[in-house]
Amino acid sequence: MTSELIIAIIVTVVGASTPILIAALGELVVEKSGVLNLGVEGMMLVGAITAFVVLFTTGNHYLAILCAAGAGVATSLIFGFLTLSLSANQTATGLALTIFGTGFSALAGQGYSARPVTLMGPLFPADLAAHPIWRVLFGYSALVYFSFAMVIGVWWFLKKTRAGLILRAVGENDLSAHSIGYSVVGVRYAAVAFGGAMAGIAGACFPLLLTPQWAERMTAGRGWIAVALVVFASWRPFRLLAGAYLFGLVMTMELYAKASGGPLSVIPAELWAAMPYLATVVVLVLISLRRDASSNAPACLGRPFLPTN
Amino acid sequence: MTLTRRSMLKAGVAAAALPLLGSKAFAQSEPLKVGFVLIGTVNDNGWNFGHSEGAKYMKAELGDLVAEPTIVENVPEGPDCERVLRELAQSGHKLIFATSFGYGDYVIKVAQQFPDVKFEHATGYQRSDNVATYNARFYEGRAVCGTVAGHMSKTGKAGYIGSFPIPEVVMGINAFVLAARKINPEFTITPVYISTWNDPAKEADAARAMIDQGIDIVAQHTDGPAALQVVEERGAVGGFGQGADMSAFAPNAQLTSIIDHWGPTYVESAQAVIDGTWASADRWPGLKEGEVQIGPYGPTVPEDVAAAAEAVKNGQIDGSLHIFTGPINDHTGVERVAAGVTLTDAELLSMDWYVEGVIPPA
């Protein structure tokens, strides 16, 4: 394998991993506050169509990302209102949100399907971004660097800030947090909105980063991978980074192995295709062996907050 | 709070049922009600778009004889399809087109329960008294594309993004490389199966994986323009529109396109049901009948290449050329079709081997 090919593979892996990473980081914060939002896939689709329409209308990629985040927040607040204000079941509401997002994006996308847009260009100047070697570090659009920054940002927020401590307290023991005066519902609203913004941006990655068009259901299940990754990473941002890239790597290598028609086929494509599932099994086994990892799940995850009971 | 889990569930179920209700036309019993079951959305610019255009064409041609066609989108190839078929049959549709290969078993099953409803299954092979099959000879179009590829490719390597290795797809790959090797005997093609009909990001990544490894022609059998867009972006030699003209997405990279024109087939079937002359059959029109059409050639295709492609097209229309005429070797070099012998339709429809020049999936 030449170094050129390795760099080309890395570039493709980064593209495939970024939307999963961004969506999963959002869901991680939501779950840390004790809320399980299964509507990531739906929010991503709403973000994707919003980004597409804004980009198609204005041609401005940054505005498209911003509007996708806003649309994600708006969609997540439907979930927030039902589960936090009305204490509806989070699992059912999350699933309904995915159905809603899928249908809404399809409806909003009517008439936008035969319209091409342009991909978001690299953040750095062409000297660096198109350099045969350095493009591996500098050849990406702002969304990719944003995803890395958010890994550090989420880790720092949860571990090092007072607000992060409060959010974790709300997720671990809502009644205690409530009894010392924190607004459990308020904190959770904020977390859900953050998750919505991140899912919206993750959706924007599809027309902006991967394939410059709108196609119904274009996220094709990656929102579910993001939800699974949070458990896979046992609610830790840096493991989430590793997990997202592991999934991105195996998804991409399957295709490179198949397209190589020989040289790369030392590992059969079927094995690459099976790898995410094998990796999941291995990680789950490791987690169950190390008891501390499984106890990292927020204690109040998925439980409605009903202080009057 | 009065919103209980039960009421949430009800709302969820109602929401889930909405898309089905929305697309149904509850018309009076007089005009023929025709249903179409699609694997994806009519907005895919490809396969499903082609079928919905065919449905529109049928309505336009037959006018008041048929009701507004019922198109059910996004029906997976699984038990859900059985439910959709049954609902269509129960709601008075007398002619139902199931337009994806994987619906086959469910069509047969539901058809047994509704003997007075006619079913037609696209790209299928199972028939019964009230189940017909129909297809288009896409391989004829792929032979035209392969001719262009054989002339244009610099590396002599093409990639082919397929969904699943079903005969329909294998046949297309074989026709493509047979035509290309008439121009360049060293030409090879690498199929990449992505196990889905609609995942644009994966199609795009498959195209990237090909171009990064020296492939300069990317053909696809999946439904959207994602792969073509990557070819355009990377400046590789080119690709082909599938199902419809996709030049809007790849003005330079689309060398030409295969356009599906199902309309006349749908008119014929609906008319036969109205006249009471419908009979189970297997129909397989192609370039000659206009069901398969070749779109305009791209700006990078030289005139002599376009002329060579047109010659292949016209040869198939007048019957002087059949791409599956021997001698044909399989990918291991063993002769499978003797010189002068042409594969029968039945052999084509069950094709499970690759011709020489295909680098088979590991």
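Glycine is treated like the rest: Cβ placed from N, Cα and C.
What TrEMBL records for this protein:
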TRANSMEM  A:6-26  transmembrane segment
TRANSMEM  A:38-56  transmembrane segment
TRANSMEM  A:62-82  transmembrane segment
TRANSMEM  A:94-113  transmembrane segment
TRANSMEM  A:133-158  transmembrane segment
TRANSMEM  A:189-209  transmembrane segment
TRANSMEM  A:271-289  transmembrane segment
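Beyond the transmembrane segment (A:94-113), the same-chain residues lying 6 or more positions past its ends with a Cβ under 8 Å from any Cβ of the stretch are 36-46, 48-50, 52-53, 56, 75, 78-79, 213-217, 223. Spatially, the transmembrane segment (A:133-158) is adjacent to the transmembrane segment (A:6-26); three or more Cβ-Cβ distances between them are under 8 Å for residues at least 6 apart in sequence. Same-chain residues lying 6+ beyond the ends of the transmembrane segment (A:62-82) with a Cβ under 8 Å from its Cβ atoms: 37, 39, 42-44, 46-48, 50-52, 54-55, 88, 93-94, 97, 100-101, 142-143, 188-189, 192-193, 195-201, 203-204, 207-208. If you look at the transmembrane segment (A:271-289), the same-chain residues 6 or more away from its ends with a CB under 8 A from one of its CBs are 225, 228, 232, 234, 243, 246-247, 250-251, 253-254, 257. Tertiary neighbourhood of the transmembrane segment (A:38-56): same-chain residues 19, 23, 26-27, 63-65, 67-72, 75-76, 79, 90-91, 93-102, 104-105, 108-109, 112, 115, 117-118, 195-196, 199-204, 206-208, 213-214, 217-219, 221-224, 226-227, selected by CB-CB distance under 8 Å and a gap of 6+ residues from either end. For the transmembrane segment (A:189-209), the list of distant contacts is 15, 18-20, 22-23, 25-27, 29-30, 32-33, 35, 37, 39-40, 43-52, 55, 61, 64-65, 68-77, 79-80, 84, 117, 119-120, 141, 143-144, 146, 150, 167, 218-219, 222-223, 226: same-chain residues at least six beyond its ends, Cβ to Cβ under 8 Å.
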